[in-house]
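J.: For reference, Swiss-Prot lists these features for the protein:
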type: DNA_BIND; residues: 154-178; note: DNA-binding region
type: COMPBIAS; residues: 124-133; note: compositional bias 'Basic and acidic residues'
type: COMPBIAS; residues: 196-206; note: compositional bias 'Polar residues'
type: COMPBIAS; residues: 222-231; note: compositional bias 'Polar residues'
type: DOMAIN; residues: 21-74; note: domain 'SANT'
type: DOMAIN; residues: 126-182; note: domain 'HTH myb-type'
type: REGION; residues: 109-133; note: region 'Disordered'
type: REGION; residues: 196-231; note: region 'Disordered'
Amino acid sequence: MEILAPSSYFSSSSWFLEESRSTTRWTAAENKAFENALAVFDENTPNRWERVAERVPGKTVGDVMRQYKELEDDVSSIEAGFVPVPGYSTSSPFTLEWGSGHGFDGFKQSYGTGGRKSSSGRPSEQERKKGVPWTEEEHKLFLMGLKKYGKGDWRNISRNFVITRTPTQVASHAQKYFIRQLSGGKDKRRASIHDITTVNLSDNQTPSPDNKKPPSSPDHSMAQQQTSSTSIHKLPFQWDQTSNETIMGFASSGHHGNMFQSNPFGMNSYGFKMQGQQMQRGGFCDTYLGSQNMAFQMQSGLHFPNA
């Protein structure tokens, strides 16, 4: 729910005109208290600015109204594309890197050249308009940003986590989320994304771009198999001769001295078996391809005496 008020409201407000000349600096703590108060008192709250000013010690009604106007201008500039938002790459719309750091320090986003965002990675205007419901993924990103930046820092949560939502939309979503949690189980006749309270990074990591690549072509797969098979020529091998067949086996480095030999018919547990028709003067070749071992079985139609 959008909570931005029209600009005309500020121009006609006596509070804003009377104290427009005062210039005060806002600390990080004051900004958090201010944005947290915005999440509590929406635009339909009577005497909204007086109540917001009460939540920010040392600030007057005119101060909080002017700060809100500046916030509104920032949001408008971001949506118009005048302010570059970090987190976009010129090659990939959105890239996540999960490091080994503690907490959310391992959560990084790629940056494009000069901090510019690509046109393909920019959220559509429809996604930022009023009335578009939040998705479960957006809510999880909101929880991650809430844990990193805390309550009130809606601007950083919007810029670095929920990039498809404006800071005011994040503040409004936070208001609904906290009201849902404070209800203590009441009025929960139907499920809501606001019931999701934690995000487990080990279970909910965003898939890396490598996992989203399309399946490789058969030629590419064959090239990979040929590359991997080149490492087998140095592995130890064994010869085993029986009355009617000769078997050459390759053992992996973890299983020296072992030869994997299977039934000539049916399915092998280490791979798929391809069997040809035995001819009178010919033979058939069984090939086994497994994750760790490779064996070739050749049986000839001719009989050789045992040594």
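Keep in mind that glycine also has a Cβ here, set from the backbone N, Cα and C atoms.
Surface or core, plus neighbours and distances: that's what I need for these features.
T.: Secondary structure of the DNA-binding region (154-178) per DSSP, as helix, strand and coil residue counts: 19 helix, 0 strand, 6 coil.
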J.: On average, what pLDDT score does this prediction assign to the DNA-binding region (154-178)?
T.: 90
